[in-house]
Amino acid sequence: MSYTARAAKHPSPVAQRLLRLMDTKKTNLCASVDVKTTAEFLSLIDKLGPYICLVKTHIDIIDDFSFDGTIKPLLELAKKHNFMIFEDRKFADIGNTVKSQYSGGVYKIAQWSDITNAHGITGAGIVNGLKEAAQETTSEPRGLLMLAELSSKGSLAYGEYTEKTVEIAKSDKEFVVGFIAQRDMGGRDEGFDWLIMTPGVGLDDKGDALGQQYRTVNEVISTGTDIIIVGRGLFGKGRDPEVEGKRYRDAGWKAYQKRLQ
């Protein structure tokens, strides 16, 4: 089913917007921009913006972070290039704690990030806590991804853990929009249409010295991925982000069209 067709039936406003955006821009590429200065962060995103549907941030690694200096320009770039924002916070505490972590502190994630994510380790309370924080913080729709599987070597997120995480996701059809996973997570027979976002996607490298394992674009899209997450493949090792952004966007879209046939 096409992204637009899925958007028409999706219960989540966040997922609807993202799926339509993907079809409009003809991209299923999410850029993971992990750099340490605001200037480099914003410069890379401005260059990658035309090619992406989503930017994934780790906002707490930016050394000179400020809300006015980092977040406000990020939101302007999102508007300029028509992409959404995913803060890869990986919440993993009890509901009451994550509620404060999501809405408050220095980063105030719920104010600006369309999507965030969480581990299932503490149970379904984490979904409730994050949803409450979103509702109390902003009138803008927000979405949550559950971490069902990871791309790192030796990850413990598999088997029964993954199955239990899927069960937690079923607790909220509107707020939980999908998973960080390596494959399709099912659910359609129960009325769910989860977005699958997959990190560890590379057209060139096979991995790194710290346990990251890369799979090809065609491989992940053919096994159910909706959005490919690419980081260093776009700008690491002296790569040109505009050249690589176009390359990964085209590869991702071609693989998606092949899946539709």
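Cβ atoms are placed via backbone N, Cα and C, with glycine included.
If you check Swiss-Prot, you get these features:
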- Lys90: active site, proton donor (ACT_SITE)
- Asp34, 56-58, 88-97, Tyr214, Arg232: substrate binding site (BINDING)
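A map of Swiss-Prot features onto the structure.
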residue	record	DSSP class
Asp34	substrate binding site	coil
Thr57	substrate binding site	strand
Asp88	substrate binding site	strand
Ile94	substrate binding site	coil
Tyr214	substrate binding site	coil
Of the binding-site residues Asp34, Thr57, Asn96, Tyr214, which sits closest to the residue listed as 'active site, proton donor' by Cα distance?
Thr57
For Asn96 (substrate binding site), just count the other CB atoms lying within 10 A of its CB, please.
12
Relative to the Cβ of Asp34 (substrate binding site), which residues of the same chain, six or more apart in sequence, are found under 8 Å away?
His58, Ile61, Gly231
Which of Ala92, Ile94 (the binding-site residues) has the most other Cβ atoms within 10 Å?
Ala92
Measure the Cβ-based neighbour count of Lys90 (active site, proton donor), defined as the other Cβ atoms within 10 Å of its Cβ.
14
Cβ neighbour count (within 10 Å, all chains shown) around Asp88 (substrate binding site):
22
